[in-house]
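Asks: One structure, pasted below without further comment.
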């Protein structure tokens, strides 16, 4: 890096808003994610402070105060900037006012000429319709890449782009400006939460954080009445009502209303699973899925059935269970019209019509239509009999066999013949008995 001393500002004419602004269109602004917009807000504040210290902003206190207390950093602040411009804060301000503030800066030799072009003669103030001004200091180094990337509005907000502070300003500055800049670069956090002790570098971040403790949600959607703790979340939510989906997947063309949703979706194509369970090492595509999975290890069951009090780890499991009480059977077989309460039950039933038997016994090669049938069959090979009769101590390989056996002890005969009213302990016995009435058995 070669040191280059800037020309005497007094020889460079007037500084206008065009000299210290980069524009984004509304479309370009949408390409920025929340983190980039937050960085934009932070550097806006720094640039305002710098311009004020150089005597280039007559309404220093008002503008800086607005930015410091700016509650929502994710929305464009061109209203603040424009109001200052229209009042003539910069228009016609001579660069010689900052002559005693001149400094030596580190500039790549290949970019010295380009860097000096910032300080050319007076240009008329001209507001570009529909574009968002992003302030930058006339002492901020601009890389060629940053200037070329204005079309997409991405590198302009990266750490290597136009918003990165690459120079230390020397000379006399106001006490407030120096203190603000020192805190900005040193990463100091003066605003502390009285509830949890977490500290923040800027007041608006503390205000937003405190809503976690108070539960305050001051932003209401005018369409559906839903409340939000942050204005940015409200703006993102409102896209649902407009139907706008500006974020498109380059792999499959699917569109999303939020950039975060697009990022999550792209993991389907990349196979990325960044969320890993610390207990078993299983990886997941979404953090919410990991949170749900973790309940398997902790045993947490936060969802309770209001009818019977049974607890569930997942809300989806509770909803399925509640169909036992409501009798709801939303899944219908298109072949025979039979209804089922669970989709998995319909899938299993469908194999009756298709004849599909996807489950094979590794011991004898026999196929089954349901995995439960295969599991029961395997006990024939293993000799396992986990079901014990409490009356006589006899063991059975299947629970259904135990239930049938227990009727010997209870005397239960649940199967009735409609012809003669006779009862039977097993359905197979009833089937045989019916043949007497049909004439099959003489």
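Every residue, even glycine, has its Cβ placed from backbone N, Cα and C.
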Asks: Per Swiss-Prot, which of 168-190, 191-213 is zinc finger?
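Replies: It is 191-213 that Swiss-Prot describes as zinc finger.
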Asks: Looking at the candidate ranges 124-146, 331-353, report the one that Swiss-Prot labels zinc finger.
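Replies: Here Swiss-Prot associates zinc finger with the stretch 331-353.
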Asks: Using a Cβ cut-off under 8 Å, which residues of the same chain at least 6 positions beyond either end of the zinc finger (415-437) come close to it?
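Replies: Cβ under 8 Å, 6 or more out: 404, 407-408.
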Asks: Within the same chain, where does the zinc finger (275-297) have neighbours whose Cβ lies under 8 angstroms from its own Cβ atoms, ignoring anything closer than 6 residues to its ends? I mean 6 or more beyond.
Replies: 264, 267-268, 313-314
Asks: Considering pairs 6 or more residues apart, do the zinc finger (303-325) and the zinc finger (331-353) have at least three CB pairs under 8 Å?
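Replies: These two segments touch.
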